[in-house]
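Scroll down for the structure; my scribbles are underneath it.
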Amino acid sequence: MTGNSSNGYGVSLVGSGSATPSQIVSNDQLALRVDTNDEWVKTRTGIRERRIIGADESLTDLCVAAAKAAVDMAGWGVESIEMVLIATSTPDDLFGMAPKVQSKLGATRAVAFDLTAACSGFLFGLVSAAQFLQNGSFKRAVVIGADQLSGWVDWDDRSSCVLFGDGAGAIAIEATAEEDDLIGFKMKSDGSRGDCLNLAQKRNFVPLVESYQTQKGDFSPIKMNGQEVYKFAVREVPSLLKDVLQTYGIVPESLDWLLLHQANQRILNAVADRFSIPHHKVLTNLANYGNTSAATIPIMLDEAVRDGKVQSGHLIASSGFGAGLSWGVALFRWHGPF
C-alpha cells in the first residue's frame, strides 16, 4: 500500500508522550534466571535493560499516561479528541483496550479502537488515523503504540527473553489546511513468512456436548527465528526506504533523523549504513527499553522531542517491521511545540 495526502486536509504531528513501567530488569538480573550475561546480550542486541509491568501497573494505565502527555504537549482539551487508535498485539482486553483508554482519558467524543500489526503497528496506526483526518472525517486524533510482551515470552528461553520489554508511546495529530507533515508512506506484508516470528494460538480442544469439542483460548509463548528476522529486516527495510525516498524525491542527506523500530542495534546500524546515514542521526534507546513492539517508535520519538534532538520542522524517515511479516516506511515532519 502506498499513499500520501492529495485531496482534503493535511496532517500535523503536534504532541508526543510516553510511559514505561517502574520495574527495570538488567541483563545481570536476567543472568540469575537463564544462562546469559551482560556482555553476551549487549554484543548481540545492544540491550542493557528493559522495563517490565509489575503487579501495580497495567498496559491500559501506561496508554493513558502516554496519551495525556501527548495531549498536554499539543495544548488540547481532551474533549476535542475525536479518535483514539491503539496499535497493540497484547491488549488488556482481547475485545479491545482503546475504549477503556478513551474513558480514562476523558475523551468522551472520541471513537476508539485497536489495531494489530505487531512491531509495524504504530506506523500502520499513524497512517490509518491520518486517512480519517485527511478526508475530513475527524480533526484530532491520538495514536498510541503499546505492548506488554513480558507476559508472552518464555522466561526460560535465553534467546528470546532478553529481547523484549513493555511500554507505551503516543502521538497527537490534527488536520491542517497547511502543508501535510505526513509526506508519504508505503506498507507491505508477506504472510508466507509469518512463522519466522509469531505468537500463535494453541490448539487445545476440550469436550463440549456429546461427541463435540471446542477450542480453549490459549496462546504459546513468542516464537522467533532470529536469523531469519534479521535477514528479513536488513533486506526489506532498506529496499522499501529507498523506494519511498525516490518516490517522494528526497535524498538521504536531507533527512534529519532515521527512526526505526527498536529491535536490534545491528539492524539499525545496517539500515543506516546502506544509505550512508551517520549513526548520530539514528535515533535509538534500545539499550534502555529493549524491543517494546508497537511502542518503540513513539517512545523514541517522544524522548528525542523532549531531549531537544527532534525539533519543529525536522524531517524523519521511520520504519516499522516485524511479525506478520509486515513492514512499512513513512516520511514525516515533526511539527510539535518543542
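Heads up, the Cβ atoms here are built off N, Cα and C, so glycines get one too.
Copied over from Swiss-Prot, here are the features:
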- Cys119: active site (ACT_SITE)
- His261: active site (ACT_SITE)
- Asn291: active site (ACT_SITE)
- 262-266: region 'ACP-binding' (REGION)
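Locations of recorded Swiss-Prot features on the structure.
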residue : record      : DSSP (3 states)
Cys119  : active site : helix
His261  : active site : coil
Asn291  : active site : strand
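Within 10 Å of the Cβ of Asn291 (active site) there are 23 other Cβ atoms, across all protein chains.
A distance of 8 Å separates the Cα atom of His261 (active site) from that of Asn291 (active site). His261 (active site): 32 other CB atoms within 10 A of its CB, across all protein chains. Taking the Cα atom of each, Cys119 (active site) and Asn291 (active site) are about 9 angstrom apart.
The 10 Å shell around the Cβ of Cys119 (active site) contains 32 further Cβ atoms across the protein chains shown. The average per-residue pLDDT of the prediction over the region 'ACP-binding' (262-266) is 96, rounded to a whole number.
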